[in-house]
Amino acid sequence: MYEGPIQDLIDELSRLPGIGPRGASRIAFYLLDAPDEEVFALADTLRRMKEAARFCEVCFNISQEERCRVCRDPRRDPAVLCVVEESKDVVAIERTNEFRGLYHVLGGSISPIDGRGPADLHTRELFTRLADGVVQEVILATDPDTQGEATAAYLSRMLRDFGVRVTRPASGLPVGGDIEYADQVTLGRAFEGRREMFEAQPTPRPEGSVVPPVTVGSGA
């Protein structure tokens, strides 16, 4: 254990994903020995990131404007909507250059053990986006782990009434892994060979029932 600010910094760095006490200690001492301007520039970048970063009002992707770069692009196909858990998944899919539709970021996945259910995600906003009938296919690109599969299963049930094609990336992605860590070739092929979750049956929606209720809890 060190004393004062050094130990405080190590403790804070250790809270970051993928960084343990040893890694945090190495980073802390690197910053201690680094030139002042480098450390101050890092601190200023962190501050500006927190002040400037916002979420797209349409898809909830990270953006510096009211609408993200993808939603502003008129060349994107509005008939195909890819549902992902986090903004980092959008980045991973964009790198494949295989998808030209739009996105919807849920902001996580259903996880009863963490107390996170459908009502804690951007599910209601997803159903609202589908209400005008423009979207013809929804790709459920949640992670191939327990939480991601539960989220995809829940959404596929809720989407039956919308008469849209519901698909999921093909097998080939590592089970239990994250979309963001899949290599570009594997992820691209998974999108090309995506599978139907059920056959769409267009159903007229009665007036006043545009958005289905979001169940509080796991919903899975």
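Every residue gets a Cβ built from N, Cα and C, even glycine.
Keep in mind that TrEMBL annotations are predicted by a computer and have not been checked by a curator.
The feature zinc finger, as given by TrEMBL for the ranges 56-71, 72-87, 88-103, 120-135, sits at 56-71. Secondary structure of the domain 'Toprim' (79-174), assigned with DSSP and counted as helix (H, G, I), strand (E, B) and coil, comes to 38 helix, 23 strand, 35 coil. Break the zinc finger (56-71) down by DSSP state and the numbers are 3 helix, 2 strand, 11 coil. Over the domain 'Toprim' (79-174), the average per-residue pLDDT in this prediction is 92.
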